[in-house]
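Presented below is the structure to which this report refers.
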Amino acid sequence: MARIGDGGDLLKCSFCGKSQKQVKKLIAGPGVYICDECIDLCNEIIEEELAEANDLGLVELPKPKEIFDFLDQYVIGQSSAKKSLAVAVYNHYKRIQVGEPSTKGREDAVEISKSNILLIGPTGCGKTYLAQTLAKMLNVPFAIADATALTEAGYVGEDVENILLKLIQAADYDVKKAETGIIYIDEVDKIARKSENPSITRDVSGEGVQQALLKILEGTTASVPPQGGRKHPHQEFIQIDTTNVLFIVGGAFAGLDRIIEARSGKQGLGFGAQLRSTTEKKAEPSFADVMPEDLMKFGLIPEFIGRLPIITSVENLDQEALVQILTKPRNALAKQYQRMFELDGVELEFTDDALEAVADQAILRGTGARGLRAIIEEVLLPVMFDVPSRDDIARVVVTREVVLKNVNPTLVPREAPARKPTRERREKSA
């Protein structure tokens, strides 16, 4: 504790002006004093700034190849989409890192615009999972929104601001953290304009939603009701800047392949139509060939397409890819079910032809990787019901017949422990 001066006056904190009697501790320096309360306040300020720096990703940003390799551990195939996403995400967060503090006050500073991503491909091919895995790697808030539930403001349905509310909730209402998050908008093909020509009647769940999304995609300060706007109209709004929010927009875009085929001249009618050989007919147009004009014909408005400069696609998964999805990734389905049986002290084995049969069933159902779990659940349901109640089973073997013909899996019993010879038996043998 600092001592009382010669004049009899109490010493005071040089920062807040409180006397030594008003505080617990007063620390003296060369001509200055600081109290314990001001020290605590300084610590809080430093901790907040450090936390904010970490939330904004001001740590070492993984390089595109590192992002690609991380995605490879969880997502099978789709190399083109993974490369596009890795580069886009790296550039986006590099823009956030470098763009804010270093360019302030510089007249020659170049302002880098945001590049959102459009991800096209059939259902069950990993669009949502790719976005989830990216957010997991970067440790940023992540929210998934369904475009089919959205309507234009003033109509029954969800407002586009509800998408931002999900992101804020994912960040535990830390707005600064949410402002550097990732939002995945699924089923965006369902908000396509009903016809190529503008209609007199309002298209509140199609073109109207596209128009409403434009501002938040581009970057704006949006007012978000913390409890949803329509049920609680009288509430304070949360202000969130979407300039640094990365939007990944995905959809199956059924029928887009025919538009691509027609544009590329692979399809024709009449006497002037170009005939194709059998092999050419088998080669279907790829979503990788999509052009902005194809998306406009599908029903997306030019302004909406313009805010999604990066267009990439995922392709249908073949049998080999689906078998790899079942076995290779860290969280592969086969590994998950083997672990569940292991908890009951039972070994679960899938034969190679059984895995191929599961993959074939998923292709037949048209559900892609998303349908694999449902098929395995159907196959394993009887044994998952019985096994926990029995202690005589050592191993369960699933074969092709089990998957295709609804046969029960093979149950391998435990070996009975060797019986010790009794005294009577030993005497007889002697």
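Numbers here mean position along the shown chain, with the first residue as 1.
Cβ coordinates are placed from backbone N, Cα and C, and glycine is handled just like the others.
Per Swiss-Prot, the feature domain 'ClpX-type ZB' maps to 1-54. Here Swiss-Prot flags Cys13, Cys16, Cys35, Cys38 as Zn(2+) binding site. Feature annotation from Swiss-Prot assigns ATP binding site to Pro122, Thr123, Gly124, Cys125, Gly126, Lys127, Thr128, Tyr129; the stated evidence is sequence analysis.
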_Sparsest-packed of the listed binding-site residues (Pro122, Gly124, Gly126) - C-beta count within 10 angstroms_ = Pro122
*Provide, as an integer number of angstrom, the distance between the C-alpha atoms of Cys16 (Zn(2+) binding site) and Thr123 (ATP binding site).*
62
*Using Cys13 (Zn(2+) binding site) as the reference point, find which of the binding-site residues Thr123, Cys125, Lys127, Tyr129 has the shortest Cα-to-Cα distance to it.*
Tyr129
*Including all protein chains displayed, how many Cβ atoms other than that of Thr123 (ATP binding site) lie within 10 Å of its Cβ?*
18
*Within 10 Å of the Cβ of Cys35 (Zn(2+) binding site), how many other Cβ atoms can be counted across all chains shown?*
25
*Can you tell me how far the Cα of Cys125 (ATP binding site) sits from the Cα of Cys35 (Zn(2+) binding site), in Å?*
61
_Give me the count of other Cβ atoms within 10 A of the Cβ belonging to Cys38 (Zn(2+) binding site)._
18
*By the DSSP assignment reduced to helix, strand and coil, which category contains Cys35 (Zn(2+) binding site)?*
strand
